[in-house]
Amino acid sequence: MGLTKQYLRYVASAVFGVIGSQKGNIVFVTLRGEKGRYVAVPACEHVFIWDLRKGEKILILQGLKQEVTCLCPSPDGLHLAVGYEDGSIRIFSLLSGEGNVTFNGHKAAITTLKYDQLGGRLASGSKDTDIIVWDVINESGLYRLKGHKDAITQALFLQEKNLLVTSGKDTMVKWWDLDTQHCFKTMVGHRTEVWGLVLVSEEKRLITGASDSELRVWDIAYLQEIEDSEEPDPKKIKGSSPGIQDTLEAEHGTFEMDEAPEDRILSCRKAGSIMREGRDRVVNLAVEKTGRIVACHGTDSVLELFCILSKEEIQKKMDKKMKKARKKAKLHSCKGEEEDPEVNVEMSLQDEIQRVTNIKTSAKIKSFDLIHSPQGELKAVFLLQNNLVELYSLNPSLPTPQPVRTSRITIGGHRSDVRTLSFSSDNIAVLSAAADSVKIWNRSTLQCIRTMTCEYALCSFFVPGDRQVVIGTKTGKLQLYDLASGNLLETIDAHDGALWSMSLSPDQRGFVSGGADKSVKFWDFELVKDENSTQKRLSVKQTRTLQLDEDVLCVSYSPNQKLLAVSLLDCTVKIFYVDTLKFFLSLYGHKLPVICMDISYDGALIATGSADRNVKIWGLDFGDCHKSLFAHDDSVMYLQFVPKSHLFFTAGKDHKIKQWDADRFEHIQTLEGHHQEIWCLAVSPSGDYVVSSSHDKSLRLWERTREPLILEEEREMEREAEYEESVAKEDQPAVPGETQGDSYFTGKKTIETVKAAERIMEAIELYREETAKMKEHKAICKAAGKEVPLPTNPILMAYGSISPSAYVLEIFKGIRSSELEESLLVLPFSYVPDILKLFNEFIQLGSDVELICRCLFFLLRIHFGQITSNQMLVPVIEKLRETTISKVSQVRVSVFV
């Protein structure tokens, strides 16, 4: 076998530049016993915990691949439930930052997560229209609730009763009885999607927000309570009440579909509406923990606050109203009349729910969270659309509360997408520039060390010496910054259109710029006298101009400074001699314009990347196309060679970065991590680091390791990953909307559950082999008349020379609690008889009775027909029945003693 060319692997090193991503929600978390100081925000696939007082990131909860879509802190403040784009849920400990519990049950992104009052159960709603209630302590799913016809928007547990209320984009609000796991009431009083709901006034009232400017308020009456107080005869409510009630409901405009009048647990009546100031849909509706302040916002930058008044406050208000009304009536009444006229004052919804104030943020609100401090101050934290976190505080008890912005987190990221990146010559500083600012980052600490305001940046580089930077802007200006002071030294009008590209000359004395005004301009650095000080400062002067027929998209010098490559809007790349500006070569073949290109360190090759998704590799000597590679599934946005090699990186709008070998035309590796289009990347001068920026607002650092990468192995790993993805999708119906029977189990088939089932099967096979060997061994010993040594299985030896049955038990104990049912579901029936015999043995020994019973009851549920019709298993089941009843009783006694 011939020698294979060795490459070194690049791995993801860090994510920075993102303060909070848009898909998830911001929440207050309790850390070190402090409330209202720390917030958790989604940051692509991770969760960042920010200290609002210091503006620092203090903890990162590491995700895997999928984007975070939902966050919910546990009531005790020790854990954070995180929902992901693929429907998985992980529960992180805020003390250690580790995610030990994973729940897989949903097929689509998680849209809502809510704990019950004690934190023992977690309800999750998803875009797949299902709600699953999970047992957090046992780390398993309890049940799946099906009924909604579109994505779930909110789910709330009731504190006093074992009920759940959910809303969805299907315009429905559903009430679920968790004792029987069925929907007993559907509210269809909304004409548009229900985007949020909250329970207030000791759960006697429900407020819903839809796609209009009304917040609908519903009165909840629990029928048991009505029975107790009004009608002692339960038959009365069954017989007469429903008909009357339905007509009343129709009059009130609330149409409700009930399964049967007997199943009624509560009734819902529309109490009225509160009008919002916003005209668009409700995006988020929330109530803070005390239940006094309700807040909501639309698609704009205004949060509206409402106060739910207490009974005493309402009474005071009504007394005042009464007084006023009496006064008015006295004035209007005849002077001869002696007695007071009768005055009636009706209480309206506006008397009970009062508008407090509006909080106007600096940009559109994506999500918010509220917390009431012990001093009576209300804190509201916002995650804004432009990668920003703001904290406002106000005192709602004042007559006219004024919200005050107390802190904001801005330094850790840009307000808009980063369009250009550059490395300093010492590989330490990274420059990123967006539509409004230039930031300089320390590569090793990932801290932002300089922020300078700029115009819309499109290209950039560090001036030799790394003390200044040059930015090219969308308006055609060159902006020159001094890094030590952070000052803008000079702005030069370079081009009439956008300045798309710049290339530093190899002799480091100047650079070339290309713009949308169809010209390429050559610039030299020079020192000029500064008016403000005695020292000279850096400036640039234009030396030559090359006028062309088309807009210039990209320019690049060859390393020997003899040639200049210019990419034009007519899909060609023209190559000119630098000294005479004479035309040398034309590279044509791309179907769409060449957006990016680079020339290798030895000047032998030029690689071009185009919007037609192809990368072409050309020889610079004759302009011949060596190879055309289909590189990405969307436009190739950036291309750069690794210094001192013929390897190059490309970045595409398909969210991927790929590394290629320009000599062998091989695809080496794919760097996946970004969740949106990638705009640009930069390779460090040493080639050890790559930094990339994307529409998801994140900057990612990739690091070259010492680990060799073998192409065959890499392709094999890619195929495995593809297979693992397909395993999870196997059960999905071929026809959209087709149902495959009732899947009321809470889990879903994943590669982990398949692997767990395989481990059980292997353990049972090993048990069968070992028991057969033991029988053989006994027969040999009997025939020989003496004890013959039995060879021990190396697997059992690794577990400490345990028995085969104990090994099977170890395998069952090693399966994650949340994956247990799904693993048993995948298991073929041929293994079940052996498992049942083993379970009988385990229960008799009293080992892990709880776990074994859970597995046993699940297997009996799913294989009931086959087990009961199998005569061989009747004695096994009889034995199991006896041992299970006695052992479970023993365990119960020992637990309660």
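Any Cβ shown, glycine's included, is placed from N, Cα and C.
Same-chain residues lying 6 or more positions outside the repeat 'WD' (61-102) and placing a CB less than 8 Å from one of its CB atoms are 21, 23-31, 35, 40-49, 108-115, 117-119, 122, 124, 126, 128, 134, 136, 139, 672-673, 675, 748, 816, 818. Under the heading repeat 'WD', TrEMBL lists 61-102 (among others).
Annotation source TrEMBL lists repeat 'WD' at 103-144 (among others). Note on the repeat 'WD' (103-144): residues 23, 69-72, 74-76, 79, 81, 83-91, 150-157, 159, 164, 166, 168, 170, 176, 178, 181, 732, 743-748, 750, 752-753, 816-822 of its chain, located 6 or more positions outside it, place their CB under 8 angstroms from a CB of the stretch.
The repeat 'WD' annotation in TrEMBL covers 145-186 (among others). Each residue of the repeat 'WD' (145-186) gets a DSSP state, and the totals for helix, strand and coil are 0 helix, 23 strand, 19 coil.
For the repeat 'WD' (187-228), the list of distant contacts is 150, 153-154, 156, 158-161, 165, 167-175, 234, 237, 253-257, 264-287, 291, 294, 296, 306, 308, 349, 353: same-chain residues at least six beyond its ends, Cβ to Cβ under 8 Å. The repeat 'WD' annotation in TrEMBL covers 187-228 (among others).
Among the features that TrEMBL reports, repeat 'WD' is placed at 411-451 (among others). Remark: secondary structure over the repeat 'WD' (411-451) totals 0 helix, 19 strand, 22 coil, with classes taken from DSSP.
Residues 458-461, 463-464, 470, 472-478, 480, 538-561, 564, 566-567 of the same chain sit 6 or more residues outside the repeat 'WD' (492-526) yet have a Cβ under 8 Å from a Cβ within it. As annotated by TrEMBL, repeat 'WD' applies to 492-526 (among others).
In the predicted model, residues of the repeat 'WD' (587-628) average a pLDDT of 95. Residues or ranges marked as repeat 'WD' in TrEMBL: 587-628 (among others).
The repeat 'WD' feature in TrEMBL is assigned to 629-670 (among others).
Panel annotation: around the repeat 'WD' (671-703), residues 10-19, 21, 43-45, 65, 67, 387, 413-414, 417-423, 425-427, 430, 432, 441, 443, 446, 634, 637-638, 640-645, 649, 651-653, 655-659 of the same chain, lying at least six beyond its termini, place a Cβ under 8 Å from a Cβ of the stretch. The repeat 'WD' feature in TrEMBL is assigned to 671-703 (among others).
TrEMBL lists 805-892 with the feature domain 'Small-subunit processome Utp12'. Under DSSP, the residues of the domain 'Small-subunit processome Utp12' (805-892) split into helix, strand and coil as follows: 79 helix, 0 strand, 9 coil.
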